[in-house]
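Visitor: Dropping a structure here in structure tokens format, bear with me for questions.
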Amino acid sequence: MDEPSDDENSEPTPKKIKREWVKSYSNKAMEMMKKMGYENDKGLGKSNQGRLEPIIAVQQDGRRGFGLKLDTVQSSAGQWDPACEELEIPEPVLWLHNPGSRADAYSLDQLMGHLVTGEKKLTLDGETRYCDPAILHHILNAKTVFDDLNDNEKRRARSRCNPFETIRSSIFLNRAAVKMANIDSMCNFMFTNPRDPAGQTLVAPDELLYFTDMCAGPGGFSEYVLYRKSWEAKGFGFTLRGANDFKLEKFFAASPESFDTFYGVKEDGNIFDESNQDSLNEYIRMHTPQGVHFAMADGGFSVEGQKNIQEILSKQLYLCQFLTALKILRPNGSFVCKVFDLFTPFSVGLVYLMYKCFQQIAIIKPNSSRPANSERYLVCKYKRSDAETAGIVAYLNTVNLMLSDESQLDENDVLEIFNANELAEDEDFLRYIIDSNNAIGKKQIVGLRKIAAFAQNLELKETKQSEVRQECLKRWGLPDKLRQAPENKPTDRLLDELLADWANERSWLSLPATEMKGVASLNATIKNVADWYFVPVGREETNINACSLFLCKSRGNLLRYTEHKKWELVETAFEVQPRSIFFGQIVYEFYGEGRTIQRMAALHIIDGICLGGVDIRRRPYRERVSMCDKFARSLNKPYRKDRTFGALRSKPLFRLQDMGSFFANMRHYVLKDNSQRLGFALDDNKFFVPGGIMMFCELTNNYVSAHSRSRGQLYYFNVRNKESYYKDQIPRNKADEIFASFRFSFSCRLLWKWTDLRQVEELATEDNPKILFRSDFVKFIADKLGHS
């Protein structure tokens, strides 16, 4: 990749040449020289003439020998004029809109007529249809000059001359993450905050932001997205196994629990394999049937010694990344992909087909991408429907098979995939490609010449690096600080942070639920059935299965608050994001029935205080439960083959007034000992056996909800001062007074425990004031609703 591309993400810091030469000598040496007549700032000659500093020793680099003469282009470049370089912050983004024919205008048969094969090309010479010939000539010449420089020289010169160099990887594991932050900012955060053409969000309130990161090890793009969105996003990673795999343990700026790696049906992460592409699509659709909101691709490989034909060598990689994106994206989805030179008819034809599959495209060069390389990014916005893009997907599949069949392409190659003459008829597209290539090419020539100048003249220095760093980080929404590993704080200190103003008085943490043992206890506690909700809870066979508070301190470090008021490590492995504290229960979920039944531990979340650092304690009860559900869906990986963690899900929530339908949906399951128990079916062919229900009120003691007949709206009524507020007109300062916080809901929770199998039978009853039967509870609810 031209002057190593952006898989330059972890580079050694170059050694500095000593400038303050005086410090290189001991005080004794300087004193001896002064005794012999030496004076500061005067030469050593008889008349104080001569050099004022020592001759610097030869800086030997690598295997370079004495007497080497660098190319005249480089030598002349030793003089650098800063006016040659134009900095644009922010960078302009020029969108190309596609108002013309749609993707479904092309069938597979029609597109096959565009295919051109011929003798394999191993040079870009003559590829001037889509750029100014002079620019291509200067780019290729400028790159060739660097063959005379070794890696250390190039690296040192690049570090000194690039105005954006000191941004480096910021708080992330590599520079790719910073590039994604830069691109997201350039494009008005269209990836982490996607909106439709009318400006409305494309992510529903209870929906996760789904994304895919392809050919992306070690994962910088994903680290940025998770830094920005945390667990409100869920990512799918696809890359080659091996040395360039994802390094999730190196995610310091974000937690990787919401990231799910998948390597295809072949288990190798090879994106050239059609079966891998299709299995990735199937895996994603199991989680989100519509597809992902956006896809990112950052593929590249070493082209050492063949930098000038990187585009030709990367053609199948381009195609497969584009093709996979079309398969996995939902309608209105977006795509960003790293590409290099776009001079050949093959590459331009690929971009044209993507242009037809989306409403808008842009080719951008972010400032975080070094100016001297040919790297750029294709950004595609608002994907058209799968039905519209089906013909192009089938065509790209066919071309990929041809490229993969080495026997067919031993000497020949696919040279064009869309007729160049027909493409040229789309004047807007043609002009866009030419202008883009020329603009990026001019900047690249300037960048290459600047590196050559700085390599030749060690006195040159870029003075804007500090100023540019601060401005860019601010614009991209990144902190100006160094990367550091997350701190593993002591339990009490972390609790102080997460509980905040609830930390001083913690007695409520150990408050038990109030048990309902008869209709009298229901009458004493439940004023308005409409304000109450319930979740089914497990049987609590042991203390470990009791409903408890859970605290995740760090990755793999989940604690449970015991009845002894101590935090103990949970032995079962669950993948929970650090800085989380919530109320939940470890239950056994079952798969199958009878003697073949299998059971596995699962963690069910009931309510939350803080989820992955997001404070939800004072949000209304239903909103907290909805966020707990999103949190669990983001972290859970139900379809992984190598499941090393227990399942994570939120408890199913029901309105108390819907208890009848809750029981109607339960059925009897046969357990391993041939006993039959009422079980609750989960959404993945599993079930669990409840041992009771736990109830929560969404309002504080002073309020009840009611329905206004005159306005047809819900309102909240204060039973003490008789004030009332419609749901959509609640003052901000009243919300905390009306809606129960986590602490209030937790402290006032009720428990109906099923200690007798007859309690949950539909018609069973008994005149026992200490046992609450289902029939009595259902009648209580009906009576309450009848009186409201």
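In case you wondered, yes, glycine gets a Cβ from its N, Cα and C as well.
Residues annotated as domain 'G-patch' in Swiss-Prot: 25-71. What Swiss-Prot lists as domain 'RrmJ-type SAM-dependent 2'-O-MTase' is 171-384, and the listing cites sequence analysis. The S-adenosyl-L-methionine binding site annotation in Swiss-Prot covers ASN174, CYS215, ALA216, GLY217, PRO218, GLY219, GLY220, PHE221. Annotation source Swiss-Prot lists active site at LYS179, ASP298. If you look up Swiss-Prot, you'll see LYS338 marked as active site, proton acceptor, on the strength of sequence analysis.
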Visitor: What residue among the binding-site residues GLY217, PRO218, GLY220 has the most other CB atoms lying within 10 A of its CB?
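Guide: The residue with the most neighbouring Cβ atoms within 10 Å is GLY220.
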Visitor: Specify the nearest of the active-site residues LYS179, ASP298, LYS338 to GLY217 (S-adenosyl-L-methionine binding site), where nearness means the distance between Cα atoms.
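Guide: Looking at Cα distances from GLY217 (S-adenosyl-L-methionine binding site), the smallest one goes to ASP298.
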Visitor: Near the S-adenosyl-L-methionine site, what residues other than ASN174, CYS215, ALA216, GLY217, PRO218, GLY219, GLY220, PHE221 in the same chain have a C-beta no further than 8 Å from the centroid of the listed C-beta atoms?
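Guide: Once ASN174, CYS215, ALA216, GLY217, PRO218, GLY219, GLY220, PHE221 are set aside, the remaining close residues are ALA176, ASP213, SER222, GLU223, THR239, PHE246, ASP298.
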Visitor: According to DSSP, does LYS179 (active site) fall in a helix, a strand, or coil?
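Guide: Helix, per DSSP.
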Visitor: Using DSSP and three states only, what is GLY217 (S-adenosyl-L-methionine binding site)?
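Guide: Coil, per DSSP.
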Visitor: Please find, for ASN174, CYS215, ALA216, GLY217, PRO218, GLY219, GLY220, PHE221 as listed binding S-adenosyl-L-methionine, the greatest distance between any two Cα atoms, in Å.
Guide: 15
Visitor: What three-state secondary structure does DSSP assign to ASN174 (S-adenosyl-L-methionine binding site)?
Guide: coil
Visitor: Name the secondary structure element type, per DSSP in three states, that contains ASP298 (active site).
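Guide: Assignment for ASP298 (active site) reads coil.
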Visitor: Going by Cα-Cα distance, pick out whichever of the active-site residues LYS179, ASP298, LYS338 is nearest to ALA216 (S-adenosyl-L-methionine binding site).
Guide: ASP298
Visitor: Tell me the Cα distance separating GLY219 (S-adenosyl-L-methionine binding site) from the residue listed as 'active site, proton acceptor', rounded to the nearest angstrom.
Guide: 14
Visitor: Sorted by position, what residues of the same chain at least six away from GLY219 (S-adenosyl-L-methionine binding site) have a C-beta under 8 A from it?
Guide: LEU173, ASP213, GLY237, PHE246, LYS247, LEU248, LYS250, PHE251, PRO256, PHE259
Visitor: Which residues in the same chain, at least 6 apart in sequence, have a Cβ under 8 Å from the Cβ of CYS215 (S-adenosyl-L-methionine binding site)?
Guide: PHE238, THR239, LEU240, ILE271, ALA297, ASP298, GLY299, GLY300, LEU317, GLN321
Visitor: Around PHE221 (S-adenosyl-L-methionine binding site), which residues of its chain at least 6 apart sit with Cβ under 8 Å of its Cβ?
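Guide: The list for PHE221 (S-adenosyl-L-methionine binding site) reads ALA176, ALA177, LYS179, MET180, ASP213, MET296, ASP298, given in order along the sequence.
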Visitor: In terms of DSSP three-state secondary structure, what is the assignment for LYS338 (active site, proton acceptor)?
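Guide: Looking at the DSSP assignment, LYS338 (active site, proton acceptor) belongs to a strand.
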Visitor: Kindly state the mean pLDDT of the domain 'G-patch' (25-71) in the predicted structure.
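Guide: Computed over the domain 'G-patch' (25-71), the mean pLDDT is 65 on the 0 to 100 scale.
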